[in-house]
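S.K.: Take a look at this one; I'll ask things after.
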Amino acid sequence: MGGWAIAVHGGAGVDPNLPKERQEEAKRLLTRCLDIGISALRSNLPAIDVVELVVRELETDPLFNSGRGSALTENGTVEMEASIMDGPKRRCGAVSGLTTVKNPVSLARLVMEKSPHSYLGFLGAEEFAKKQGVEMVDNEYFITQDNVGMLKLAKEANSILFDYRIPTVGTCGAGAAMDSPLQMNGLPISVYAPETVGCVVVDKEGRCAAATSTGGLMNKMIGRIGDSPLIGSGTYASELCGVSCTGEGEAIIRSTLAREVSAVMEYKGLKLHEAVDYVIKHRLDEGQAGLIAVSKDGEVACGFNTNGMFRGSATEDGFMEVGVW
């Protein structure tokens, strides 16, 4: 085992003209989350505790699209989803359609630990939350004025907005606009770059865990479920690795992207970096996405085919990096 490692993301796809102040704001939040995770790992918290702790912090800050600050549905409400997975026994929990649960990732963990199921949604998930005594708030708590304004723009454009701040999209490092509109399931959408959040951790015992949380798409249909709560697609952890994905949810679902990383490590014998590179290049088809991953050996990696991804990572040997492009 190579010691602990942690990675965190705030979404794949970044506006090439993103103001410097917002880039710095995002970097500060990612750095704060890494510091929280590093402190927890140094205190010998297990990986599953650390991913929950970090994602809760991301859900509480309105900067990214999860918890407070989540994207709005076509009805102007928030429907959140999250999942968490513990690698050693591949235990998992997931939730969708949450409207009043302050920290969806913690409810996902309660589904894993306190219910006979792996996935609860909508009214059933809300009722389970009440029984478990988790913190509940009015739906208005999650709604920001920025998102209200951007929902109006989306409705005027009669379009789903992945992220209202992103006017263009390119491949990694290109920062160029696409000539043809991006499509989802064959239908055009206006812009690309969701800001789903996630965290992956391997602790010093070699235990891997992963968690992902999101508000979904701006102006999404009521009841839409993306990749984030789907085990094997947006989130996966095994005895080999932990993975959290972000990007075009429908493409991530089709490719079972998170599970693919573990699968090619297991069946092709690839190392973590090789596995991440392989699935980004060969499993997304025309989809746009990114992911973060750790291995049981203390490796950390990220990959994306967008022009950028909000991300940060650190390892026990002193390596620490926060990046956007």
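Backbone N, Cα and C define each Cβ position, glycine as well.
Pulled from TrEMBL, these are the listed features:
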type: ACT_SITE; residues: T196; note: active site, nucleophile
type: BINDING; residues: R224, I225, G226, D227, T246, G247, E248, G249; note: substrate binding site
S.K.: Fewest other C-beta atoms within 10 angstroms of its own C-beta: which of the binding-site residues G226, G247, G249 fits that?
M.R.: G226
S.K.: Round to a whole number and give the Cα-to-Cα distance in Å for the pair R224 (substrate binding site) and T196 (active site, nucleophile).
M.R.: 15
S.K.: Cα-Cα, whole number of Å: E248 (substrate binding site) versus T196 (active site, nucleophile)?
M.R.: 10
S.K.: In Å, rounded, how far does the Cα of T246 (substrate binding site) sit from the Cα of T196 (active site, nucleophile)?
M.R.: 6
S.K.: For the binding-site residues listed here, D227, E248, which shows the highest count of neighbouring CB atoms within 10 A?
M.R.: D227
S.K.: Using only the Cα atoms of R224, I225, G226, D227, T246, G247, E248, G249, which the record gives as binding substrate, return the largest interatomic distance in Å, rounded to a whole number.
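M.R.: Binding-site diameter by Cα atoms for substrate: 16 Å.
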S.K.: Between G247 (substrate binding site) and the residue listed as 'active site, nucleophile', what C-alpha distance do you get in Å?
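M.R.: Between the Cα atoms of G247 (substrate binding site) and the residue listed as 'active site, nucleophile', the distance comes to 8 Å.
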S.K.: For I225 (substrate binding site), what is the tally of other C-beta atoms lying within 10 angstroms of its C-beta?
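M.R.: Total other Cβ atoms inside 10 Å, all chains included: 19.
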S.K.: Using a 10 Å cut-off, grab the number of neighbouring Cβ atoms around the Cβ of T196 (active site, nucleophile), all chains included.
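M.R.: Step by step: centre on the Cβ of T196 (active site, nucleophile), count other Cβ atoms within 10 Å, giving 35.
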